[in-house]
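According to TrEMBL, the protein carries these features:
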type: DOMAIN; residues: A:49-128; note: domain 'Acyl-CoA dehydrogenase/oxidase N-terminal'
type: DOMAIN; residues: A:132-225; note: domain 'Acyl-CoA oxidase/dehydrogenase middle'
type: DOMAIN; residues: A:237-391; note: domain 'Acyl-CoA dehydrogenase/oxidase C-terminal'
Amino acid sequence: MTDTDLDTFRSDTRAWLAENCPPEMREPVRSDTDVCWGGRNFAPSSPAQKDWLDRTAARGWTVPDWPKAYGGGGLSAAQTKILREEMAAIRARNPLNSFGISMLGPALLKYGTEEQKLEHLPKIARGEIRWCQGYSEPNAGSDLAGLAASAEDAGDHYIVNGQKVWTSYADKADWIFCLVRTSKASKQGGISFVLFDMASPGVSTKPILLISGYSPFCETFMDDVKVPKANRIHDENKGWDVAKYLLGHEREMISGMGLASGGRNPLVEGAIATIGLDHDGRLADPVLRTQIALFEVRAKAFAAMSERFIDELKAGRAHPAQPSMMKYVGTELNKDRYELMMASGGSDALEWESERSRTGAMPRAWLRTKANSIEGGTSEIQLNIIAKRILELPGA
Amino acid sequence: MPLYLNDEQTMLRDTAKDFIAEHAPVGHLRSLRDGNDPTGFSRDLWKQFAEMGLNGVLIPEAQGGLGLGHVEAGVVLEEIGRNLSPSPFLATAVAAVEALKGSAQAERWFPGIVAGETVAALAIDEGAKHRDRIAMTAERSGNGFRLTGAKQFVTHGHVADLLIVAARTAGSPDDAEGVTLFAVPKDAANLTATPERLADSSLAARIAFEGVEVDADAVIGEVDGGCGPLDRLLRAGRTGAAAELLGVGGGAMDMTVGYLKERKQFGVAIGSFQALQHRAAHLYAEMEVARAAVLKAQQLLDTGAEADAAVSIAKAMTGMATTLSVQEGIQMHGGIGMTDEYDIGFYMKRARVLAEMFGDIGFHADRLAKAAGY
Ligand SMILES: Cc1cc2nc3c(=O)[nH]c(=O)nc-3n(C[C@H](O)[C@H](O)[C@H](O)COP(=O)(O)OP(=O)(O)OC[C@H]3O[C@@H](n4cnc5c(N)ncnc54)[C@H](O)[C@@H]3O)c2cc1C
């Protein structure tokens, strides 16, 4: 595609967004309830939210770089980048948040059969099915391959028994992608990757309350759940490959949180609003000003690293451990950002239930970020990966 | 432009890497220091740089240079940093060349720079901390100017053939306008350069200008219009110093990771201890962040885009990452890291000097904050 074609694409995209992105969808998301997750029980928080989802889904722009046959937009990498830039420029909200898009989709595209792709991908793209991730178990967190939930061979299906934990939104999800043990002969080599409907008999969930006061997490119990073998992705006992591939995408998604959103920096705006500027036009709290300025240096340098890794990935020269570096730096930065936002907000940022605080959106979001360096593999695990795979330090 | 080195840039880097590692490894610095060398660098090496064509990296081809950009200058600087090679490259081939580019003075000085015969020094700073403030004056006198004032932290200032001097032709010290840039030959009368050896054993001069007379044609660009060339000089100098810092930090990190694999305690390589693995991995990630920031600034400079913020980010970020690298480097080497015999200490000293040069972490963070309106 020539530069002129890309320029045309950019102006068309800009015009389309101007027309189709409702003004309400150009405001930052204020709380978890503002986020569009789709699914069978989707209850839009506003008509604008529903319009925005419907219009983007119709163009395949919820998943712009997936093939059209699977509900995607069929855009090239360069076009996708332009679309994202144009959306960031008007601060458009993500039309659809979905573990289907960020995690399962890429794994299906790589490992799924044609039937499996045609069955699941379009529904993900349109936000019809909401997915959850059944990886962790009470005794398999960082040591994920130590999982015990078992899938017993019963001819054309498996009988699954066991317990998962920390399953985000399991109580709201329609389907789960789940790691199960199909063999005890080998730790990593005895795992299979299966999909099943959360409405299947024998599946139950129990929410876990978080420090943020929300309970997006669940314990998930599986009691003689019948899972057709046709729902297994990739070969039996080869699920670890799929799991690792998917984790790479999960890590990339989470690390994106460390990137500042386009345009004005809300952290700086917030600090100016509460603390004010002195007569030289500087933030009236010099220590906080310094901390914010140093944070800005790191955040913008991190944005450059992320750009570089994407460019290297596209050119096929990325190191496979790069997502670990993104995840580690991005999540630690995001935690720092929220610490600074809390420090800037002062007592306003502490209000937990008031209307003007939108039910404590700020402190709850701040607490939520503490999980960024735990979910999807802890910071310590990422550092282990960098030490072993990139620096090639000897195994302890 | 993708944010990584293209094939030609990679080739240039490999050439520079081999050449500098062979001719000016850390041992070169050590022997200059041990010999108390009064110049602070090797003129022979400067000639060899010229023979490789490197001195003209930023000089247009029509004027005998390679006509390349800041990415290419940066790959050379990174190798200079990695080997701690004392060299006038940053001040002369990068900062001074950028200041002179496009001016009448370029015709006069570029041939000597390309040939490795001319060394330039930058007389910009007036205090112990780099600031935008310029108090030194240049008064009209005869058909030229008379310079009065003092500069410090002028690297190679005592042996330079050419001094690039920023002086005030109008306004007061804190004004942005009213500055003129001069190309002053070293043999000018009433100019005294007093070299001081710095912590990294390089030499920087304090220079007194006590009514130094220069001709009108010593002006680089326009009278009162020094901001343009001075900004170019500073952007190039800051980005170049960031690239050199990247090399210093990277060199220290490589030594440290190598040591972690080789040093045994408790019967195992110390690199198998997770406490050290995590610190090494954290350090590596910080260096990678810094690397991306530097390349971003270089590419923006080369495309002529607005680069001020990216330059400050690059300089501040490399300052932070490299400081971490040299500090962790000494700590993880244990006692041997504190010995003069071992090279890691040289990295710490050089990092400190470069972190200060052209504005430290705080200076650049402050600039960013001001530009963002807080
Ligand atoms: C918000 C959130 C959402 C999540 N969503 C999901 C989900 O949807 N589905 C799902 O399956 N899981 C989910 N998880 C679970 C998550 O993947 C695990 O919490 C994570 O992998 C860590 O496991 P753990 O909690 O058992 O901690 P542990 O593994 O017990 O770790 C405890 C501490 O020990 C450290 N540690 C452990 N091993 C090592 C080691 N080898 N070296 C150094 N340090 C080590 C860890 O870094 C950590 O600091 C989510 C978690 C969070 C917080």
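Cβ atoms are placed via backbone N, Cα and C, with glycine included.
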**Fill in**
Mean per-residue pLDDT in the domain 'Acyl-CoA dehydrogenase/oxidase C-terminal' (A:237-391) works out to 91
**Message:** Counting by DSSP secondary structure, give me helix, strand and coil numbers for the domain 'Acyl-CoA oxidase/dehydrogenase middle' (A:132-225).
**Reply:** 6 helix, 51 strand, 37 coil
**Asked** Taking DSSP states H, G and I as helix and E and B as strand, how many residues of the domain 'Acyl-CoA dehydrogenase/oxidase N-terminal' (A:49-128) are helix, strand and coil?
**Response** 52 helix, 0 strand, 28 coil
